[in-house]
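Please read the structure below before turning to the comments.
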Amino acid sequence: MGECGPEYSSLPGGGDSVASLPSALRPTPKLSIIPLVFLIFYEVSGGPFGIEDSVGAAGPLLAIAGFLVLPLIWSVPEALITAELGTMFPENGGYVVWVASALGPYWGFQQGWMKWLSGVIDNALYPVLFLDYLKSAVPALAGGLPRTAAVLGLTAVLTLLNYRGLTVVGWVAICLGVFSVLPFLVMGLVSLPKLRPARWLVVDLHNVDWNLYLNTLFWNLNYWDSISTLSGEVDNPGKTLPKALFYAVIFVVVGYLYPLLAGTGAVPLDRDQWSDGYFADIAKLLGGAWLMWWVQAAAALSNMGMFVAEMSSDSYQLLGMAERGMIPAVFAWRSRHGTPLVGIAFSASGVLLLSSMSFQEIVAAENFLYCFGMLLEFIAFVLLRARRPDAPRPYRVPLGTAGCVAMLVPPTALIVVVLALSTLKVALVSLGAVAVGLVLEPGLRFVEKKGWLKFEVNSDLPDINVTRTAVATDEPPLVAP
């Protein structure tokens, strides 16, 4: 598990010379800012599909307030951490490398295990959402053999897109994103004559499903750090990644609030109707069948975008872990398109195994695991600030160490609340998954010692456990996108 090697050379201002990076860090192909924004959009959101449960659980006022306040409490701090650490360590291990650098390789592996499992669980949602939006038009997709066949076929097609490379994935994300957002723009315009602002203020604090409400908000506003596992594939990551995160935060928040305001303000409230897929019904009420079909098609394509973006993140994370010697070297194999062949196949298999779970079960389980991973990230972020204050950071959160700790207090409190509200079943299953990781890492080290599987550390990668000497640069530090 030796993690020694050369420094991240030629990165004085955050990777301004991508061509001079070692081969393991050179993007093939390079992701520019526009595809990167849309990949982040799909890692986090993909549009308002799935936010309907927030209204059903808590009513319009709390749903709207949640998508206004939670981005400030959660999304912005997570995006800032991702911008700083993702440019500090521009390689495909992403958050695994951050935690390994701060806490050691054992905890780096635990971070990788929890985040990969959480990502695969998240990806299992998208076939569920896809079929939920189509079942009103095609009732046969509600269950049985047709639904199973649809899940298998969809997974196979989207896995093939990932295999073909990040260039394909990036431009597919752009096309799907534009198509998925347009019907909600139209729906908002159509809703204007029917808007009743008083409907936005409806709230009943005695009738709130806090568990469903918080899980829905949390699921729709997290995973900003997932893009870090593609840092090694980004063109000029020191500047491109922070800017892309900045634009994506705005894109995501507006993409939630705009249709939420239109739907709750223009249609009389029936909270029992507000569940995943209800935006299609609202579109029919406001604009007719043609708008409903457009929203359903947008939902289907949006889920495709979320699937390919999440699978890219999951598979490149495994590649990054293999290049650090944390998992067998076979996971570092690349296809002729430059994609992580074994990582893609492994992630697709996990999706198929989990796709039979319900929407609410999937959201609760992935949130639980994700919370543990985020706690490790927060600890790593603070420790790296304290222990390696002079290490080059192409992007630096414009706060001191004490300010960074203060910034993390609200999201940490949110994590505690989300964990506390989890059901006993979800908690036991998730803790069991965590326990597997605790014994899996020493098990892999035993396998490595016996020589049963090959483990390799890429010699081009730098030592993540030593302080790097800052290279002089005439450019001022980047503190804002």
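Cβ atoms are placed via backbone N, Cα and C, with glycine included.
Quantities reported herein were computed from a predicted structural model and do not represent experimental measurements.
Taking Cβ pairs closer than 8 Å, the transmembrane segment (57-76) reaches residues 44, 51, 199-204, 207-210, 212-213, 216-218, 220-222, 224, 249, 252-253, 256-257, 260-261, 264-265, 269, 271, 410-411, 414 in its own chain, all 6 or more past its ends. The transmembrane segment annotation in TrEMBL covers 57-76 (among others).
The transmembrane segment annotation in TrEMBL covers 88-107 (among others).
Sequence-distant contacts of the transmembrane segment (145-163), counting only residues of its own chain at least 6 positions beyond either end whose CB sits under 8 Å from a CB of the stretch, comprise 127, 130-131, 169, 172, 304, 307-308, 311-312, 315, 335, 337, 339, 341, 344-345, 348, 351-352, 355. Residues or ranges marked as transmembrane segment by TrEMBL: 145-163 (among others).
The transmembrane segment feature in TrEMBL is assigned to 169-190 (among others). Distant neighbours of the transmembrane segment (169-190): 31-32, 34-36, 38-39, 41-42, 46-48, 161-162, 255, 258-259, 261-263, 279, 282-283, 286-287, 291, 294-295, 297-299, 301-302, 304-305, 308-309, 312; these residues of the same chain sit at least 6 beyond its ends, with a Cβ under 8 Å from one of its Cβ atoms.
According to TrEMBL, the transmembrane segment annotation covers 245-269 (among others). Same-chain residues lying 6+ beyond the ends of the transmembrane segment (245-269) with a Cβ under 8 Å from its Cβ atoms: 33, 37, 40-41, 44-45, 47-48, 51, 55, 59-60, 63-64, 67-68, 71, 75-76, 79, 82-83, 181, 184-185, 187-188, 191, 194-197, 199-200, 202, 220-221, 224, 227, 278-279, 282, 285-286, 480-481.
The transmembrane segment feature in TrEMBL is assigned to 289-309 (among others).
Cβ atoms under 8 Å from those of the transmembrane segment (365-385) belong to residues 78, 81, 84-85, 88, 95, 98-99, 101-103, 107, 110-111, 114-115, 117-119, 121-122, 125, 215, 218-219, 222-223, 225, 357, 391, 401, 404-405, 408, 411-412, 415, 418-419, 422, 426-427, 429-430, 433-434 of the same chain, restricted to positions at least 6 beyond its ends. Annotation source TrEMBL lists transmembrane segment at 365-385 (among others).
Taken from TrEMBL, the feature transmembrane segment covers 397-420 (among others).
Residues or ranges marked as transmembrane segment in TrEMBL: 426-444 (among others). A Cβ distance under 8 Å defines the sequence-distant neighbours of the transmembrane segment (426-444), meaning residues of its chain 6+ beyond its ends; these are 106, 109-110, 113-114, 117, 326-328, 361, 364-365, 368-369, 372, 419, 453, 455.
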